[in-house]
Amino acid sequence: MKIHEYQGKEILRKFGVAVPRGKPVFSVDDAVKAAEELGGPVWVVKAQIHAGGRGKGGGVKVAKSLEQVREYANQILGMQLVTHQTGPEGQKVNRLLIEEGADIKKELYVGLVIDRVSQKIVVMASSEGGMDVEEVAEKTPELIHKIAVDPATGLKDAEADELATKIGVPAASLPQARAILQGLYKAFWETDASLAEINPLILTGDGKVIALDAKFNFDSNALFRHPEIVAYRDLDEEDPAEVEASKFDLAYISLDGNIGCLVNGAGLAMATMDTIKLFGGEPANFLDVGGGATTEKVTEAFKIMLKNPNLTAILVNIFGGIMRCDVIAEGVIAASKAVSLKVPLVVRMKGTNEDLGKKMLAESGLPIIAADSMEEAAQKVVAAASGKA
């Protein structure tokens with residue numbers, strides 16, 4: 001789960017990380033009012049979407065008068081902001097962050113991720129923060145310094161100071177940098193985050209260290225114990241199909257292809273997509289119905305897939321272990337009738353009650369294309385999707 005920058009800064013404040021004063025707003029008039037309340041000669045008008053690269057995309061503007069605040073808020077609010085992370089379709093801006101300006105002397109970068117090899121949280125930092133940090137990672141990786149943190153001790157003072165020194169924080173500002181690094185680590189740990197970034201972390205002209213941006217991703221499997229994080233969820237920023245799928249406990253991710261996939265088990269789902277691509281097809285989605293799929297869940301899965309206007313065929317690939325093939329067959333038949341299925345449907349099922357499931361499909365009267373192996377199923381659905389079946 002992702003959250004907005006201003007929400008990330010609310011979390012950082014709770015953990016003692018210095019951030020600029022700012023106010024989230026949803027209208028142009030509120031943007032001007034927020035700037036008036038903040039005071040000062042300079043404000044930053046920032047688009048709030050769940051994607052990076054906003055500055056390069058025109059979603060961050062520095063205003064030097066209230067008239068400019070109004071002008072920029074009017075430009076950004078409601079725009080379809082395109083960045084390298086949104087894709088060509090962009091993301092609509094529904095809210096802004098109006099923030100006090102800052103005296104930027106130097107832009108740094110700090111980020112935390114989980115390293116699955118060492119099974120530790122890794123703190124990354126660079127002296128080259130700002131809009132081009134991805135380019136720094138690609139072209140000059142030696143400028144990115146890392147520390148794998150022992151979970152028994154947390155980020156120690158000496159480790160924080162060493163990292164801050166390596167990225168150019170002067171000695172006089174080390175206590176501030178230490179507090180920010182340790183605060184970010186604690187925030188990451190205590191909220192069950194999977195990613196946390198401050199980019200840029202700035203040094204000001206008078207030696208202050210401030211988090212000018214904040215990005216958090218959270219482990220969705222841990223949200224049950226973080227209602228305060230769930231409260232930050234913005235459904236407008238999420239794929240509507242994925243939101244709908246989550247209501248029925250379906251693991252669904254939209255993709256760019258034209259072949260719908262309904263599979264039980266994440267591993268089999270990924271193998272199914274790989275096999276489709278092997279035979280020249282393009283999956284339209286990842287969809288894991290899990291081990292406890294009901295007729296209702298299968299029907300809803302079909303409805304969600306069929307909302308994709310690019311869909312030209314569907315492959316159902318089931319291994320009946322916990323999941324019984326006859327239950328899936330019943331769901332497929334009911335779903336096909338409920339949605340008046342008009343695209344080719346290929347079904348491959350193996351395992352518990354396999355023969356019964358196949359018999360039910362064969363006697364359903366529906367034009368279902370049967371397959372015995374995953375390779376055969378993939379070949380048939382690719383052919384069907386291209387009109388060659």
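Just so it is clear, glycine is given a Cβ too, placed from its N, Cα and C backbone atoms.
A quick note: this is a predicted structure, and the numbers were derived from the prediction, not measured.
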Practice prompt. Please pick, from LYS46, LYS64, the residue that Swiss-Prot records in the ATP site together with GLY53, ARG54, GLY55, GLU99, ALA102, GLU107.
Written response: LYS46
Item to complete: Please state which member of ASN221, ASN258, ASN264, ASN285 Swiss-Prot lists alongside GLY321, ILE322, MET323 for binding substrate.
Response: ASN264
Practice prompt. With a 10 Å radius around each C-beta, find which of these binding-site residues (ASN199, ASN264) has the fewest other C-beta atoms nearby.
Written response: ASN199
Worksheet item: If one measures from the C-alpha of ASN264 (substrate binding site) to the C-alpha of GLY53 (ATP binding site), what distance in angstrom results, rounded to a whole number?
Response: 36
Worksheet entry | Reported mean pLDDT - the domain 'ATP-grasp' (9-244) | 95
Worksheet entry | For GLU107 (ATP binding site), the three-state class that DSSP assigns | strand
Worksheet item: At its widest, how many Å does the recorded ATP site span between Cα atoms of LYS46, GLY53, ARG54, GLY55, GLU99, ALA102, GLU107?
Response: 19
Discussion item. Using a 10 Å cut-off on CB atoms, tell me which of the binding-site residues GLY53, GLY55, GLY321 is the least crowded.
Written reply: GLY321
